[in-house]
């Protein structure tokens, strides 16, 4: 064939291949319904390059699917952080909470007395999410380490949680959570209570 014909044929085939790929992706998306998968491959021809990532603009992932993927990624990160934190749980090293208590790290304090400190979580899981911690760890890296001598401070932490709920206007309904140990995704080994509220809670919590 003449050179012009060969050039035209290659260009035509490249365009056909591109549109065939688009049609295949579109069909697959329809078969999968709303759960459109992310395509990470790049199709390369002799004359044109076509990235399937461009189809995300044409076939965007549904919001619920993106949220689900975000939750999976967040869960994986939390589990990894929990395992790393557990490795140094009993080392006696200072934690970020010790620095917050010493006012070396800024925080938004909700309540404070001589025994406990309550401040807003920087990664809130509810409209109201406050952490309540004892100012003196005294071996209480997690609830599993509690002994009879810790009874007073444990009771005071619960009462302080009630004060926080009242201050935040959620006394009619709130949740108090304690994560204890790596399988509970405890990320800081300084006993702390999560006070959550401001929205309808679900059960089981997960």
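For all residues, glycine too, the Cβ spot is worked out from N, Cα and C.
According to TrEMBL, the protein carries these features:
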- 192: active site, tele-AMP-histidine intermediate (ACT_SITE)
- 96-206: domain 'HIT' (DOMAIN)
- 190-194: motif 'Histidine triad motif' (MOTIF)
Positions whose Cβ lies under 8 angstroms from the motif 'Histidine triad motif' (190-194), at least six residues beyond its ends: 95, 97-98, 121, 125, 129-134, 137, 140-143, 145, 157-158, 161, 175-179
Tally of residues which DSSP labels helix, strand or coil - the domain 'HIT' (96-206): 32 helix, 25 strand, 54 coil
For residue 192 (active site, tele-AMP-histidine intermediate), the number of other Cβ atoms found within 10 Å of its own Cβ: 25
